[in-house]
Every structure is written in structure tokens, then in C-alpha cells.
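Step one of this worksheet: look at the structure below.
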Amino acid sequence: MAVNIAILGFGTVGTGLPTLLSENKEKLAKILDEEIVISKVLMRDNKAIEKARSQGFNYDFVLNLDDILADSEISIVVELMGRIEPAKTYITQAIEAGKNVVTANKDLLAVHGVELRSLAQKHHVALYYEAAVAGGIPILRTLANSFSSDKITHLLGILNGTSNFMMTKMSEEGWTYDESLAKAQELGYAESDPTNDVDGIDASYKLAILSEFAFGMTLAPDDIAKSGLRSIQKTDVEIAQQFGYVLKLTGEINEVDSGIFAEVSPTFLPKSHPLASVNGVMNAVFIESEGIGDSVFYGAGAGQKPTATSVLADIVRIVKRVKDGTIGKSFNEYARSTSLANPHDIENKYYFSVETPDSTGQLLLLVELFTSENVSFEQVLQQKGNGKRAVVVIISHKINRVQLSAIQDKLNQEKDFKLLNRFKVLGD
């Protein structure tokens with residue numbers, strides 16, 4: 001027998017599926033005792049069809065989703081179009097038509113995941129999306145299965161390959177933000193509009209999905225604090241290294257007694273931290289749990305073959321669940337009420353880069369300002385000034401989010417001081 005699937009969108013990942021099906025044909029046959037067949041492919045227009053055929057692909061290419069929905073032989077629809085629309089509409093229609101769905105669309109899932117999962121359960125079909133987070137790392141299924149008997153207290157990830165590539169260039173080769181972005185765009189890692197990558201939006205979408213699997217809580221995009229790379233200067237990167245850290249864009253979730261706190265931000269990681277050596281476009285997820293302890297999952301965050309492999313794994317899982325009669329079960333079965341942490345309960349050390357007048361007594365004034373909010377210094381570095389302005393760099397002891405906000409407000413209100421940058425610092 002054959003399992004017939006349809007693909008919506010035949011770009012980088014979509015064109016990688018046929019190769020994987022061919023390379024793993026024998027293994028898949030032994031696992032499933034069935035063959036997975038690409039029955040139809042939805043294309044954008046006739047020009048796209050001609051291009052695909054010129055590349056040697058001879059599938060039943062269609063321009064109308066109804067051709068797929070009306071085909072009773074097709075049991076799985078694989079959405080690889082990206083963006084929220086028309087993907088949301090197409091997935092909704094596929095679910096309502098009784099089709100199981102696989103998608104790699106993190107943007108869609110972060111914004112409309114609750115609605116789509118509810119619809120899938122209503123129609124007793126599967127909605128799987130392993131490839132939506134850290135494409136080549138099977139992190140979602142690992143969280144759903146291997147950590148089902150464990151309590152996760154902390155998750156830290158490098159979740160965006162583009163920003164990690166840029167930070168690697170800035171850290172290892174001394175490039176500026178603009179230079180590293182230009183190279184990322186030249187290599188095709190970053191879009192012409194890099195907003196989602198450099199402002200932490202892409203990573204926040206992935207973090208929202210990870211929250212559901214690791215903590216059982218659904219986060220709206222606005223529940224996640226976000227800051228990106230645009231303000232980072234070469235001096236920030238150099239000072240991080242001087243103090244024994246590496247600067248990375250991370251996504252982090254902490255659970256405390258009052259709830260969870262999620263944030264995407266540039267972070268000073270100790271050079272000894274497992275994620276400090278994750279470079280280039282690679283992704284990694286670091287997990288602290290009460291049972292297992294510390295775990296690290298590392299792999300490609302994107303790319304044709306890694307992402308297509310995760311997509312195919314979802315297809316295989318659906319076929320197996322259909323055979324054993326458990327297809328109606330949710331991809332993630334761990335859910336509880338969402339509780340956001342009290343900002344008084346979230347503590348970290350912080351790096352502050354502050355521009356001051358280059359005159360006697362300014363450091364003392366800065367100390368007094370921080371002391372007024374009960375913030376003490378772990379490390380201080382006063383850089384050589386130009387006679388008019390100087391820069392003071394501070395790493396604080398641990399402070400909570402309320403203290404952090406108060407310090408930032410006071411610095412911004414002081415006419416003689418200018419807060420250049422503020423980054424989270426991990427480590428004891």
C-alpha cells in the first residue's frame with residue numbers, strides 16, 4: 001500500500017523531500033511496511049511548475065488547493081510555504097477536509113497555534129511541526145517524550161542561525177554589525193529586510209513553541225521580552241571577551257514560583273558555558289531539569305536536508321499513529337494554565353555601557369545612582385575618554401526586573417549620562 005501526501009510549496013525544503021524519500025526508501029519500508037508517495041504539489045503559478053519540471057521533478061503539479069482537498073487518496077498535507085497567509089487558510093481547509101497536516105511554519109504556529117491545534121483535535125487529525133524549531137534538532141519530540149517524567153526549570157537556546165552567524169563574525173573576526181549583516185545577506189542567511197532575525201522576532205516565535213513543550217504554557221508574542229542586535233558595538237563584543245564572556249543572541253525561559261519568564265536578548269555567556277562555543281548558523285538548546293540535570297541539544301537550525309528530515313519524521317509519525325489508532329492525540333499533550341512570573345522574582349546580572357562627561361567625580365555619581373536602587377557592582381571598567389565624553393562599563397551583581405527598569409529610567413532621565421547598551425549576563 002501507499003501513503004499519499006501533498007506538498008504545499010516546492011521551495012528549498014519541499015524539493016529536499018523527494019531526495020530523502022529516495023535515500024531512505026528501504027528503511028521507511030521496513031518501519032512502515034508502506035511507501036510514502038508524493039501525490040500532488042501545489043505551486044504558485046505555471047512559471048514555477050515549468051521551473052520544477054526543468055529541474056527533473058515530474059509530479060502532479062496543481063494551482064488550486066481544491067484539487068488536493070478533493071482527493072480522498074491524500075491523507076497528509078505538508079505545508080512548506082512559510083509566512084502566515086495563505087498558509088493559515090490552507091492548513092485550516094486541509095484540517096476541515098480531514099487531512100493530517102505537517103508544517104514547518106513557526107510564525108504561523110506562534111501566532112495561531114492554539115486555534116489550529118484545537119481545530120485539529122476537533123476533526124481528529126494530526127498537526128505536527130517538529131521542523132518549526134531548530135530545524136535539524138528533534139527538540140520538540142524530545143521534550144514531549146524524553147522529558148515527560150521530568151520537571152524542566154530552565155531553557156536557554158541559540159535559536160536563530162542568522163543572528164548567531166553575525167555574532168560569530170563580530171566575536172571571532174572583529175566585524176561590525178553592518179559588516180556581519182551584509183555578509184549574512186550575501187550568503188542568503190538573511191533577507192533583504194532582516195527585521196525578524198536581528199530584532200529577535202524569529203527566535204521569539206520559536207521560544208513560544210518551546211514554552212508549550214517544555215513548560216506546558218502557551219505564550220502570546222507580547223508575553224516574550226525582546227531585544228535584538230542592532231545596538232551592539234564592537235566595543236561591547238571586545239569587553240565581553242575581556243571579562244571572560246561571549247556575546248550571543250539567546251532565547252531563555254525560567255520558571256520560578258510565580259510563573260515563567262521568557263526573553264530573547266543579547267546575552268553575555270561565560271566562555272565555559274556549553275552554548276558559548278555554538279558558532280556560525282548552528283542552533284542549540286540547553287535544558288536544566290530536576291531529574292536529568294543539564295542537557296544540550298545541538299544541530300543545524302535550518303537548511304534543506306536538516307529541515308526536510310524533521311518534516312519527514314513527522315510524516316512517518318503520523319503514518320504510525322494512523323496504523324495504531326492514536327492519530328487524534330495532540331503532538332504535545334502537556335498543558336497547564338499560563339502563569340507569568342512576577343518581575344520581582346526574575347534576577348540576573350547585567351552589563352551596562354554608560355557614556356558620561358569626561359570629568360572628575362562622574363564615576364562616583366554613577367555609583368550613587370545605582371546604589372539608590374540597591375544595585376551593586378561586580379566589575380567596573382572606565383575607558384579612556386576624549387576630554388569631553390567617556391564610557392563606563394559596569395557588570396552588576398544580580399538584580400530583579402523591577403530594579404533593572406528603575407535603573408534604566410534613571411539613566412535615561414539624567415542629562416549628563418547616556419545608556420548606550422544593556423545586556424543580560426549569565427553565570428554566578
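Backbone N, Cα and C atoms are what each Cβ position is placed from, and that goes for glycine too.
Here is what Swiss-Prot says about this protein:
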ACT_SITE  K206  active site, proton donor
BINDING   F10, T12, V13, R44, K106, G303  NADPH binding site
BINDING   V13, R44, K106, G188, E191, G303  NADP(+) binding site
BINDING   V13, G303  NAD(+) binding site
BINDING   E130, V133, G135, I137  Na(+) binding site
BINDING   E191, D202  L-homoserine binding site
DOMAIN    351-425  domain 'ACT'
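Around the Cβ of D202 (L-homoserine binding site), 24 further Cβ atoms fall within 10 Å across all displayed protein chains. Cβ neighbour density within 10 Å is lowest for G188 among the binding-site residues G135, G188, G303. With V13 (NADPH binding site) as the anchor, the candidate recorded positions are V133, G135, D202, K206, and the one with the nearest CA is G135.
T12 (NADPH binding site) is 17 Å away from V133 (Na(+) binding site) when you measure Cα to Cα. Within the same chain, residues at least six positions away from E191 (NADP(+) binding site) with a Cβ under 8 Å of its Cβ are Q185, D197. In this structure, the recorded positions under consideration are F10, T12, K106, V133, K206, and the one with the smallest number of other Cβ atoms within 10 Å of its Cβ is T12. Among the binding-site residues T12, R44, K106, E130, I137, G303, the ones whose Cα sits within 10 Å of the Cα of the residue listed as 'active site, proton donor' are K106, in sequence order. Here the Cα atom of G188 (NADP(+) binding site) is found 21 Å from that of I137 (Na(+) binding site).
Note: I137 (Na(+) binding site) has non-local neighbours N283, A284, V285, F297, Y298, G299, A300, G301, i.e. same-chain residues 6+ apart with C-beta under 8 A of its own C-beta.
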